[in-house]
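Below is one structure, written out as structure tokens; the observations come after it.
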Amino acid sequence: MAQPPNPYAALTPTEAESSGPFEPETLLPLINRALPLAQALPSQSPLVAVGRGSSGRTFLGVNVELPGLSPLHSIHAGQFLVVHLALNNERTLNCLAFSSNGSYFDPPCPHCCQLLQEIRNASSTKLLITDPSRQRDMSLSTYLPQKYLSLYNEVPKYFFARLLDENRNNGLTLINPNPIRDCLDSEICNHLSCRALKAANRSYAPYSKSPSGVALMDFQGRVYSGWSIESVANPILGAAQAALVDFMTNGGGHEFNNIVRGFLVEKRDAKLSHLATAREILNKVAHFSFILRVLHCQ
């Protein structure tokens, strides 16, 4: 039986080019397609982020308010978009737009703005803004509070240009690997431990030096993974939320109760542990039989 089309699928460069320039009229069909994908039951405020990467592909992000959990654990539309870009090995973000209705395009919230600043050449990202009187393209830094902008100016330049880096490898290894599960090529295997370690090695944690990765398995044995992403101004998207984005964009949708197993990899002596947050989120949204195992790395 043919699989239904993936509603989160990116537009190819050809599709993006044929749809027209990155403007409100051409983005409206994408916004309308994505709005039902947002999970915003408590707030009743769905939001869509649309981004065009350096490859020419166009990606979607939506806000996800996780049922039964504090809004602090919600996935913002901009955070979703950044993970979607990273999962698809995009290197930069050329164009960006946020909308809750397809008619007006708004600036990103402070959390998303801070995270987006970590992307290579973020100052060159075209941010589409509309208001009742005019349309304009703005710089992301325009919406970054001055106190945070000064923080970015103090950060060594080599920290930047790495958030979207498919070649990043933090050089982590498991402290006590299971010899039964030793892999000839851990880069392509689907063991949860290997996938979680691989995710931790892609983690973007230049400030806390506390990388983490999560791998999740559903009832069908399919594996999804994600890694933590930091910004200089403190907001962090945890590895568990990033793995849920992988789950949503690769066939799982919002059926989080199909998730039955998970592994988290982090440093044993990490200054910032992601375990408590990951456990709280996954124990709430995954299947009641869900088990999360923790492996330490160095």
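Placement of Cβ uses the backbone N, Cα and C atoms for every residue, glycine included.
Residues Cys109, Cys112 are given by Swiss-Prot as Zn(2+) binders; from His76, His84, that same site also lists His76. Looking up the ranges 1-23, 162-184, 208-230 in Swiss-Prot, the one annotated as region 'Disordered' turns out to be 1-23. Close to Cys109 (Zn(2+) binding site) in the fold, though at least 6 residues off in sequence, lie His76, Gly78, each with a CB less than 8 Å from its CB. Averaged over the domain 'CMP/dCMP-type deaminase 2' (187-298), the predicted model reaches a pLDDT of 94. Within 8 A of the CB centroid of the Zn(2+) site residues His76, Cys109, Cys112, the other residues of that chain are Asn63, Ala77, Gly78, Gln79, Pro108, Pro110, His111, Cys113, Leu115.
In this structure the alpha carbons, written CA, of Asn63 (substrate binding site) and Cys112 (Zn(2+) binding site) are 11 Å apart.
Note on Val64 (substrate binding site): other Cβ atoms within 10 Å of its Cβ, all shown chains, come to 25.
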